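Trainee: Shown below is the structure under consideration.
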C-alpha cells in the first residue's frame with residue numbers, strides 16, 4: 001500500500017510542477033500588463049509646441065533622406081561634367097593662366113587681424129583657420145582680388161596651420177606678417193569693420209585698408225573689436241546689411257562671409273546683390289522691401305480677421321492688434337536655425 005502511494009505521488013509530481021509553472025507565468029504576464037497600462041488618474045505630460053515642431057522636422061528629415069541622396073548624386077554628376085568641360089576648354093587653349101590675365105587687381109587692402117589668439121580655444125582656432133583658407137581661395141579666384149593681409153600671425157593659429165596645412169608657406173598673393181597691422185599701415189588709412197559700429201558704409205574706398213577681426217567667439221567677447229578700434233583711434237564702420245537685408249538670425253557674419261561680400265561688391269558695385277550672393281540660406285535673408293510688404297500684409301490680415309470676429313469685444317481686438325508684432329517676432333525666433341572649405345588654388 002505504501003509503495004503504491006509512493007508510485008502515484010511520483011507519477012503526479014511532474015504534472016503538478018508543470019501546472020504550477022504555468023500558473024506562475026500567467027500571473028507574471030498579468031502583472032506586466034498591469035504595470036504597462038496607465039493607472040487611473042495618471043496624466044501624460046503634454047508636448048510643447050517647440051517639441052512638436054522638432055518632431056515634425058525630424059519626421060520630414062527622415063522622409064527626405066532619399067531626396068537628399070538623389071541631390072548629392074546629381075551634384076556629383078554636375079561637377080564631373082564641369083570638370084570635363086574645363087578639360088576640353090583647356091585643350092582648346094583657353095587655359096586658366098590665360099583667363100587670369102583678364103583679372104584686375106584692386107588696390108583695396110583687406111586685413112584679417114589675428115591678434116585675438118589668446119581669447120580662443122583650439123576648436124575656434126581651427127574654425128578661424130578654415131575661414132582664412134576660404135578667404136584665400138576666394139581671393140585667388142576673384143576677378144578683382146584685393147591686397148590680402150594676415151597680421152599678428154603666430155601662437156595657436158600658426159601652430160595649427162603648421163600641423164594641418166603645411167602648404168600655407170607657399171600661398172601666393174597674400175602678405176602673412178607676425179606684426180600688428182598698425183606697425184606698417186598708417187592710422188588714417190585704416191577702417192575697422194565691426195557690426196557694433198554706429199557708422200554704416202555706403203561704398204568702399206580702394207585707397208583704404210579695411211580690417212576684419214579674426215575672432216571666432218560665439219558672442220563671448222561682444223563689442224571687443226569695436227572697443228579696440230575706438231581705443232586705438234581707428235575709424236570704424238559696419239557693412240550696410242540692415243539697409244538691404246532682413247535676417248531671421250543675428251547679423252554677426254563669419255569672417256569669410258565679410259571677405260566674400262567685399263569681393264562680390266568690388267565686382268558688381270551692388271550691395272544687395274553682394275549680400276544675397278554670399279549669405280547662406282540658413283540666415284533666412286530677405287530684401288528689406290519685401291520684408292516690409294510681408295509685415296504690412298500680415299498686419300492687414302490680422303485686422304480683417306479681428307473685424308470679422310463679432311463675438312470678441314473691442315478691448316480684445318485692440319489687445320490682439322498690439323500683440324501681433326510680438327507674436328511675429330517670437331515666430332521668427334522659433335523659425336531661425338561651418339562652411340566647407342573648397343579646394344585652394346596655388
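Even glycines carry a Cβ here, placed using N, Cα and C.
Curation plays no part in TrEMBL annotations; they are all automatic predictions.
So TrEMBL says this about it:
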{"type": "REGION", "residues": "1-85", "note": "region 'Disordered'"}
{"type": "COMPBIAS", "residues": "21-42", "note": "compositional bias 'Basic and acidic residues'"}
{"type": "COMPBIAS", "residues": "68-80", "note": "compositional bias 'Basic residues'"}
{"type": "DOMAIN", "residues": "95-286", "note": "domain 'SAM-dependent MTase TRM10-type'"}
{"type": "ACT_SITE", "residues": "217", "note": "active site, proton acceptor"}
{"type": "REGION", "residues": "286-346", "note": "region 'Disordered'"}
{"type": "COMPBIAS", "residues": "290-306", "note": "compositional bias 'Basic and acidic residues'"}
{"type": "COMPBIAS", "residues": "316-336", "note": "compositional bias 'Basic and acidic residues'"}
{"type": "COMPBIAS", "residues": "337-346", "note": "compositional bias 'Polar residues'"}
Trainee: For the compositional bias 'Basic residues' (68-80), DSSP counts of helix, strand and coil?
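Mentor: Split by secondary structure, the compositional bias 'Basic residues' (68-80) comes out as 13 helix, 0 strand, 0 coil.
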Trainee: Looking only at the domain 'SAM-dependent MTase TRM10-type' (95-286), what is the model's average confidence as pLDDT?
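Mentor: In the predicted model, the domain 'SAM-dependent MTase TRM10-type' (95-286) has a mean pLDDT of 90.
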Trainee: If one looks at the chain holding residue 217 (active site, proton acceptor), which residues at least 6 apart in sequence have a CB under 8 angstroms from its CB?
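Mentor: Sequence-distant Cβ neighbours: 116, 119, 120, 124, 224.
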